[in-house]
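Peer 1: One structure, pasted below without further comment.
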Amino acid sequence: MVKKIALFAFLTVSLLDIIGIIFKIDSLTFIFKPFILLALLFLYSQSVEYRNRWYAMALIFCFFGDVFLLYSGENVFKFGLSFFLIAHLLFIAVVVKRIKKVSFVNSLMGLIPFGIVLYLLLFLLKDSLKDLFIPVLIYGVVICIFGIVSLIDFLNTKNKKSLLMLLGAIVFIISDAILVINKFYNAALVLQVSVMVTYIFAQYLIYSSMVSDKRNLIKN
């Protein structure tokens, strides 16, 4: 019952935040966006018997990243980016712990697509980023590593848990790509909405991967 309430809370605050973006109701966004990750953390705590501390910490860092990105300004953006960078390092730690073996072929298969995406995005935005080029580059490398290790894990196991994590990483990268395009290249309402929809979906996919082991689920 508590898990259902937690899921309802997560979906509700997510929907209210998206409504706030669509109708440009800043108060809704400021109130409910920070609660998305808190609701997901609560949902996770009610879903499994044994919590992964790295994943839980990643959600907390994402929460702080969300809070900072509510505000405008270059320094605030850097703080928000830093919190998300740490969150992705923690996501990477979660996935790396799952990987039992690493082959050259699988590593290459992961490096090529994510490397190409990062290169194309930076090429598009290099003139717009200015002083933020290096911070965005570092963040981009880290999130691509998240994608690479997730793909390696999936190629090794081909199971539901690794597939959900890989999809979560890919959608997260898509969300961040849309975010920087909207912020530094061509701002548009449809892009703002797309950022949040893909971000929420990515977080839920990663959560789904973390709770996919039925042996660790809380029996309701």
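Along the chain as shown, residues are numbered 1 onward.
Just so it is clear, glycine is given a Cβ too, placed from its N, Cα and C backbone atoms.
Annotations for this protein, taken from TrEMBL, read as follows:
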TRANSMEM  30-47  transmembrane segment
TRANSMEM  54-73  transmembrane segment
TRANSMEM  79-96  transmembrane segment
TRANSMEM  108-126  transmembrane segment
TRANSMEM  132-155  transmembrane segment
TRANSMEM  162-181  transmembrane segment
TRANSMEM  187-207  transmembrane segment
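Distances, neighbours, how buried they are, the whole picture for these features please.
Peer 2: Note on the transmembrane segment (54-73): residues 29-30, 33-34, 36-38, 40-41, 44-45, 79-84, 86-88, 90-91, 93-94, 97, 203, 206, 210 of its chain, located 6 or more positions outside it, place their CB under 8 angstroms from a CB of the stretch.
Beyond the ends of the transmembrane segment (108-126), by six or more residues, the same chain brings 133, 136-137, 140-141, 144, 147-149, 151-152, 155, 173, 177, 180-181, 184-185 to within a C-beta distance below 8 angstroms of the stretch.
Panel annotation: around the transmembrane segment (132-155), residues 74, 77-78, 81, 84-85, 88-89, 91-92, 95-96, 98-99, 102, 106-107, 109-111, 113-115, 117-118, 121-122, 125-126, 162-163, 165-166, 168-170, 172-173, 176, 180, 184 of the same chain, lying at least six beyond its termini, place a Cβ under 8 Å from a Cβ of the stretch.
Using a Cβ-Cβ cut-off under 8 Å and counting only residues 6 or more beyond its ends in the same chain, the transmembrane segment (162-181) has close neighbours at 91, 95, 98, 114, 117, 121, 124-125, 129, 136, 139-140, 143-144, 146-147, 150-151, 153-154, 156, 191, 194-195, 198-199, 201-206, 208-209, 212.
Within the same chain, residues 10, 14, 17-18, 21-22, 33, 36-37, 40, 43-44, 47, 55, 59, 62, 91, 164-165, 167-169, 171-172, 174-175, 178-179, 181 sit at least 6 positions outside the transmembrane segment (187-207) and bring their C-beta atoms closer than 8 Å to a C-beta of that stretch.
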Peer 1: What else in the chain is close to the transmembrane segment (30-47), if you only count residues 6 or more beyond its ends and a Cβ gap under 8 Å?
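Peer 2: 2-3, 6-7, 9-10, 13-14, 16-17, 20, 55-56, 59-60, 62-63, 66-67, 70, 196, 200, 203-204, 207, 210-211, 217-218.
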